[in-house]
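These features come from TrEMBL:
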| type | residues | note |
| --- | --- | --- |
| BINDING | His30, Gly106, Phe107, Gly108, Gly109, Gly137, Gly157, Ser158 | substrate binding site |
| BINDING | His30, Asp135 | divalent metal cation binding site |
| ACT_SITE | Asp135 | active site, proton donor |
Amino acid sequence: MHFVPNITFGHPVVESLRKQLGQDPFFDMHMMVSRPEQWVKPMAIAGANQYTFHLEATENPGALIKDIRENGMKVGLAIKPGTTVEYLAPWANQIDMALVMTVEPGFGGQKFMEDMMPKVHWLRTQFPSLDIEVDGGVGPDTVHKCAEAGANMIVSGSAIMRSEDPRSVINLLRNVCSEAAQKRSLDR
C-alpha cells in the first residue's frame, strides 16, 4: 500500500482559493498521502472545511479524527477498493463522511469499479444519516448505480472536464443523487 508523500494541490492553493472565493465554497480535502497527520493544521489554517484521509494511511485513526475536529474541520474517512467496509465501520459514528473509492487512488480516467457498490449500500443501511461519497470513474453512465446504492456525494473529474457541456453534466449528477435521496426518505 503506497500513498504519495507530496500533495498536488497543497495548502497554499487552498489559501489562495479561499481568499479569492470567500467563505461560501465547501473545500473537502481528499488527502491521498502517507502521514496525513502532518497536513491537518496547515489545511485548517488555509481554510479547508473537511479533511478526508485514508484509513490505510494512518496507524491511529482515532487520534487523527480528534485532531481534525480540534482544528475546526469536518472529518472524512476514505477506503481504497481492496479495503473492506467493515474496517471503516468502527469509526463511522465519529466521522461526517465516508468515501468509498471506486478506482485505485492516484490517477484520473480509470474505469469505475461497480463491485464497490455493496460497500456503499451497506454503509447507507447501517448509518442512514452519514454522508457517503464515491470517487473514481463516476459520470453520467455510472452515477445512477452510485445514487441507488446510497451515495449522496459524488466526485467526478474526467466526465466533467472532458465534456462539451460541463454544467449539464454537473446538473445531471446532482439531480440523480437528489432524486435517489428523496426516494430513500419516502421508502423509510
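Just so you know, glycine gets a Cβ as well, placed from its N, Cα and C.
Features as recorded by TrEMBL, highlighted on the structure.
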| residue | record | Cβ within 10 Å |
| --- | --- | --- |
| His30 | substrate binding site | 19 |
| Gly106 | substrate binding site | 13 |
| Phe107 | substrate binding site | 8 |
| Gly108 | substrate binding site | 11 |
| Gly109 | substrate binding site | 12 |
| Asp135 | divalent metal cation binding site | 22 |
| Gly137 | substrate binding site | 23 |
| Gly157 | substrate binding site | 14 |
| Ser158 | substrate binding site | 14 |
Rounded Cα distance in angstrom between Asp135 (divalent metal cation binding site) and Gly157 (substrate binding site) is 9
